[in-house]
Structure formats: C-alpha cells, structure tokens
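Q: According to Swiss-Prot, the feature topological domain 'Cytoplasmic' maps to 1-56, 107-127, 230-237, 454-474, 530-547, 619-635 (among others). The region 'Disordered' feature in Swiss-Prot is assigned to 1-38. Positions annotated as transmembrane segment by Swiss-Prot, on the basis of sequence analysis: 57-77, 86-106, 128-148, 209-229, 238-258, 285-305, 320-340, 433-453, 475-495, 509-529, 548-568, 598-618. The topological domain 'Extracellular' feature in Swiss-Prot is assigned to 78-85, 149-208, 259-284, 341-432, 496-508, 569-597. The N-linked glycosylation site annotation in Swiss-Prot covers Asn174, Asn400 and rests on sequence analysis.
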Amino acid sequence: MESPSAHAVSLPEDEELQPWGGAGGPGQHPGRPRSTECAHPGVVEKVRPKWDNPLQFLLVCISYAVGLGNVWRFPYLCQMYGGGNFLVPYIIMLIVEGMPLLYLELAVGQRMRQGSIGAWRTISPYLSGVGIASLVVSFLASVYFNVINTWALWYLFHSFQDPLPWSVCPLNSNHTGYDEECEKASSTQYFWYRKTLNISPSIQENGGVQWEPALCLTLAWLMVYLCILRGTESTGKVVYFTTSLPYFVLIIYLVRGLTLHGATNGLAYMFTPKIEQLANPKAWINAATQIFFSLGLGCGGLIAFASYNEPSNDCQKHALIVSVINSTTAIFSSIVTFSIYGFKATFNYENCLNKVILLLTNSFDLEDGFLTVSNLEEVKNYLASTYPNKYSEVFPHIRNCSLESELDTAVQGTGLAFIVYTEAIKNMEVSQLWSVLYFFMLLTLGMGSMVGTGTAILTPLTDSKIISSYLPKEAISGLVCLLNCAIGMVFTMEAGNYWFDLFNDYTATLSLLLIVLVETIAVCYVYGLKRFESDLRAMTGRTLSWYWKVMWAFVSPLLIVGLFIFYLSDYILTGTLQYQAWDATQGHVVTKDYPTYALAVIGLLVASSTMCIPLVALGTFVTRHFKIREQFSAA
C-alpha cells in the first residue's frame, strides 16, 4: 500500500507561497493565485470572501469558543475537583493542548484557504475523510444544540410574567392544595420537567411532537438562518452583538451577585483549596476535556473561519488571544455562578432552619421568638433529654440543615441553567429583570456557537463547485437549517430531553478526539512540519518556535491518545449505558438502562463520523489503484 505522504498534494506553481515582494511581485498576497483572467482570458475566478478586518475574525472565533460550556460546565468542574485547585490542571492543559491545537487549526485554514474538506484534501487526498468527519460532527451537533436556544427562548418569553411561573407551585385540579408532583419536587423542577419538557417516564415513551416547543425550535432556526444566510457578510455583523452582550450581562450579574446575602459563602467554597484533588487523575482528564471541547477543536469551524483571512494575518496572536479570553471567561463566569450559588444555598439553609424552628415551636408550645438559629442546637438537645418520647415522635420530621451539603450539591448542564439559576432568580428582588437578562445571555451564547457550527457546515458545501453551481449561498443555508429543524423536532417530543442527553453525551467525544489526532499527524508527518513551518513564515513572517513544534509533534498527540483510551475504556468498563429519567411519582430523577435501540443509535452516532476517516482513505486507495491498473492496461 502506498504511503499517504507520497501523495501529499503540492499546489500548482502559481499558488505556491511566496514571501512579500518575491516571485509573486509587490502586493501579491502570499498563497493567493495570480489573476486568473491573465491566465485564462474571459474567465473570472470566484473570489473567496474575506472578513472586513482582523477584529471581525477575532470576535467570531471568541463567539464560537465562548459558549454555554463556560457558564454551566466549568463551574461544575470547579465544584467537583477542589474549587481553585482545578485551575492548576486547567491552565496546564491550556498551555500543552488548547493553545497549540487552536493555532494548528487556524493556521491550516488560513494556509489552505478552504473549508475542512478541501483543506485536508489539499494536504493529502487520503485525508478528505477528516473534513467529512468534521462536517458530520458539526451537523449532528447543530441538530441538538439549537434545542438549548429553544428552551432559552421559552424561558425568556415566560420571564415577563409576574410572578415568574416557576416561583410557585400550581394548584391541583380540585383547588384544595398544590399539585402533588410539584410538592414532591420543587416549583423550578416542576416548571422544567412538566411545563417545559412535559417529560415522559422513560425514553421508550416518546409521545408526540409538542407544538409550543416546536414553535420555539422553528423560531430558533429562523434566527440562525438570518445570521448565516450570506456567509461572512452576515456572520461578521452578528458577532459584534453575540460576543459583547454576554460579557455585559455577566458584569451586571457579578455586581448583583456580590451584593446578595450568602454570596461570600459560595465564593469561599470555590476558592477554598482542596489539595488532595490534584492527585485525582479525573481532575486532569476533565481539565483536558474541558479545554478541548470548549474551544471547538475538530469541528471544522475554526478552519472555516481562518480560511476567510488574509494570508498575512497573524493567526498565532489570534490563537493566543482566543485561548486566553475563553479560559478567562470560564473563570469569570464561575465567580458569578458561585456568588449566585452561595445565595441559593444560604437561602435554602436558612429556610430549612426556619422550618425546624417553626416545627419545634408548635410541637412543644414554645414562646414565639424564644427559639433562634443561634440556640437551636442547644434547645434541641434540651428537648431530646427532657421530653424523649415526644421528641422521638417529632424527630422524623426534623430536617437535617447543612450549608455545606447545600454547597456540595453539584449540578451541571441544563440542571444548572434551568433549575439552579431559576431557583436563585425567583428569590431576587425584581426577579423578572434578572430572568430576562439571564436567558437573553444564554440565547446569545447559544446563537454565537450556532453561527460557528453553521459556518463549519456551510463552508465545505459552498466551496464545492458542484453544489454552488446549482444553488446560491442563501438556498444552501436555508436547506441546511430546514433539514436540521425537521430532525430537531425529535427533541420536542415528551422523550425529547432523553434523546438530547444521548446526543449530547455521545455525538462528539470520541469522534473529535480521533479527528484532532489525525489532524496533528497529518500536519506534522504527512504534510511535513518543516514544510508547514516554511509556509507560516512566508505567510506571516513569523518563525515557528520550539514550543509549537514540540506540542504539535509529540505532546498534544500523546495527550489526545491518552484521552481517547480513557474514554473508550470508560465506555467499555461502564457496561450497560444508563440515563437519568424523571419520576413524577417521587419528584426526582432515577437511573435507567438505555434500551437496545438507543444503544444502536449511540453506535451509529459514533460510527457515522469516525468511520469517515478510514473509509474515505480506503476508497481513495482503491480508486487510485484501479486508475493505475487502467493506465498500465492502456499502455
């Protein structure tokens, strides 16, 4: 079998990179072909669109990278792995993994000036499958990710009500008390699971498409279409808004959060070091994973963005800026989250104590005001020793109130965004205002990520001469959004949230690790690190430092292999894959096994992208083999 490196494509002579003022002549852009009209009179080559300025490119990368993971996953990881201690593995992984791989993808896109499929096909025809795999992952991710924007829209619309609909439990059908499911859970959980999702007891009970979520999903996809319909022309304008607004809201929330009662409890919990967690391998694995996925590596979006740059753009500087801003935003949002979390935990803790005080006061006919938080434990011990029989009757109803246990409750994802935050917001003054700000921020973060994902899908399609010759850019964008919206209706069914979790957990993890591993190998060992270094020097005038070379050639690939082995073994050792189902009779989630057909869907999700790489390489090899045989036969 022929080595792929033997077929690494060399660009035509008139497309070879030339230093400024070199063979291309003064003003000739490096890497850009000379005027096609001179070579082929009467033929006008399609000019590739460009960003209006470098700031626009920087903002679109930030908007793509800084997403919901910064708001609802990073704080959870800090909570799980020692608060401030988690920053140690996080920053190390940023240096050895995040920055190098981000620079690699931006450099590839800027050098090849094509979307993910064309860029990797240019390096080697055997690598076309890498770009196709990125396209498949981005498509599958966009199918389910826009559902988050659907929920954000739903909550945003309901945020204008007074009182907020999740602040109190509804009455039962007889109007004799509160709804039983809501009483067993909480008003915020009830609104999420029953009013928003109308969730079924299991993934096997799909139910029908619900018109209200379906309408919100359609609106969400219409918004995405308006953002991406004209490519860089429309995307470049949108990012000024989607990048700046979340920071504006986060700053407002920080000021408000720090003034809330109990905020210091949350911040103390976050920054109190737990040194033993540094010895926990899962802390390092999750730090690497968070860096990897929060930057959007392997999805093709970064390559697509960079392909619209001037070849002389300083992509190394932009890679460093985006990496630092992304991580700084994650830390900043954690401070906001933990201040809110401290307020919620303190409120629940004090509410619990007040219920215990009321129970004991009524049960033992104590004088109002006699029992306080400061003397509660002392009085409880006195009552237990003086009235043992009566206290034993009351004891099962006395709740164990603990601020530490409230703070220890780790929640991520939709649970943090739509239950924990809403629990805190409902207890704030002018709660409608804070609710509108919060869900508008979630919507802009989600839209920023969707713009990037949409670009990752559309760029390879619009780069295709076959597709673009039949359909204008607006039609391609519309068809992609329409198809995504139609498939996304699955997530508006009663079992939709279970399918959302399945897609969220299994669509990208192994696939993206494999894609980025092949990318690093392709650049360093197929295209050639020295050749790529020469290209970068010709484009930007920068010499590649030893740091980038060592990271690309050795450290980052080994780290990715380690992550890949960990997740693969974790899936195998876990045995039967499980999911969290809502039990309305108990008012909390329960763990259930995925049915066989759901496991088949998981396998299909993973295989649909990962298998593109070997299958396309095999197909290319077979095609070349038969062409060579035909040439020999003809001779």
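Positions of Cβ are set from backbone N, Cα and C atoms, glycine also.
Give me the structural setting of these features: burial, nearby parts and distances.
A: The average per-residue pLDDT of the prediction over the topological domain 'Cytoplasmic' (1-56) is 47, rounded to a whole number.
Outside the topological domain 'Extracellular' (78-85) by six or more residues, the chain places 269-278, 280, 282-283, 286-287, 334, 338, 410 with a CB less than 8 A from a CB of the stretch.
For the topological domain 'Cytoplasmic' (107-127), same-chain residues at least 6 beyond its ends with a Cβ under 8 Å from one of its own Cβ atoms are 4-5, 7-9, 11, 17, 31-32, 48, 134-135, 300, 302-307, 309, 311, 313, 315-316, 456, 459-463, 518-519, 522-523, 526-527, 532, 535-536, 539, 616-617, 620-621, 624.
Tertiary neighbourhood of the transmembrane segment (128-148): same-chain residues 68, 115-121, 217, 220-221, 224, 298-301, 303, 414, 442, 446, 449-450, 453-454, 456-457, 460, 484, 487-488, 491-492, 496, 499-500, 503-504, 507-508, 511-512, 514-515, 518-519, 522, 605, 608-610, 612-617, 620, selected by CB-CB distance under 8 Å and a gap of 6+ residues from either end.
Around the Cβ of Asn174 (N-linked glycosylation site), the same chain contributes no residue under 8 angstroms that is 6 or more positions distant in sequence.
Under 8 Å from some Cβ of the transmembrane segment (209-229) lie the Cβ atoms of residues 146-147, 149-151, 153-154, 157, 196-198, 235, 238, 447, 450-451, 454-455, 458, 473-474, 477-478, 481-482, 484-485, 488-489, 491-494, 496, all in the same chain and six or more residues away from its ends.
Counting only same-chain residues 6+ beyond the ends of the topological domain 'Cytoplasmic' (230-237), those with a CB under 8 A from a CB of the stretch are 49-52, 56, 60, 308, 451, 455, 458-459, 462, 473-474, 477.
Here the topological domain 'Extracellular' (259-284) has long-range neighbours at 78-79, 81-86, 88-89, 93, 334-335, 338-347, 403, 407, 428, meaning same-chain residues at least 6 beyond its ends whose C-beta is under 8 angstroms from one of its own.
The topological domain 'Extracellular' (341-432): residue composition by secondary structure is 65 helix, 0 strand, 27 coil, according to DSSP.
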Q: With Cβ-Cβ distances below 8 Å as the criterion, list the same-chain residues six or more beyond the ends of the transmembrane segment (57-77) that contact it, or say none.
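A: Distant Cβ neighbours of the transmembrane segment (57-77) are 51, 86, 90, 106, 148, 235-236, 239-240, 242-243, 246, 286-287, 290, 293-296, 301-302, 305-306, 308-309, 313, 318, 321-322, 325-326, 329-331, 333-334, 337-338, 341, 410-414, 416-417, 442, 445-446, 448-449, 451-453, 455.
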Q: If you draw a 10 Å sphere around the Cβ of Asn400 (N-linked glycosylation site), how many other Cβ atoms fall inside it, taking every protein chain shown into account?
A: 7
Q: Tally the residues of the topological domain 'Extracellular' (259-284) by DSSP class, grouping H, G and I as helix, E and B as strand, and everything else as coil.
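A: Helix/strand/coil tally for the topological domain 'Extracellular' (259-284): 18 helix, 0 strand, 8 coil.
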Q: For the transmembrane segment (509-529), which partner among 320-340, 475-495, 598-618 gives the most CB pairs under 8 Å?
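A: Of the candidates 320-340, 475-495, 598-618, 598-618 scores highest.
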Q: At a Cβ cut-off of 8 Å, and with pairs 6 or more apart in sequence only, do we get at least 3 pairs between the transmembrane segment (238-258) and the transmembrane segment (320-340), yes or no?
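A: Answer yes: the transmembrane segment (238-258) meets the transmembrane segment (320-340) with 3 or more Cβ pairs below 8 Å.
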Q: Provide the three-state DSSP residue tally for the topological domain 'Cytoplasmic' (230-237): helix first, then strand, then coil.
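A: Helix (H, G, I), strand (E, B), coil: 6 helix, 0 strand, 2 coil.
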Q: Pairs of Cβ atoms less than 8 Å apart decide it: which stretch in 86-106, 285-305, 433-453, 548-568, 598-618 has the most with the transmembrane segment (320-340)?
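A: Against the transmembrane segment (320-340), the leading stretch is 86-106.
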Q: Which range wins on Cβ pairs under 8 Å with the transmembrane segment (285-305): 86-106, 433-453, 548-568?
A: 86-106
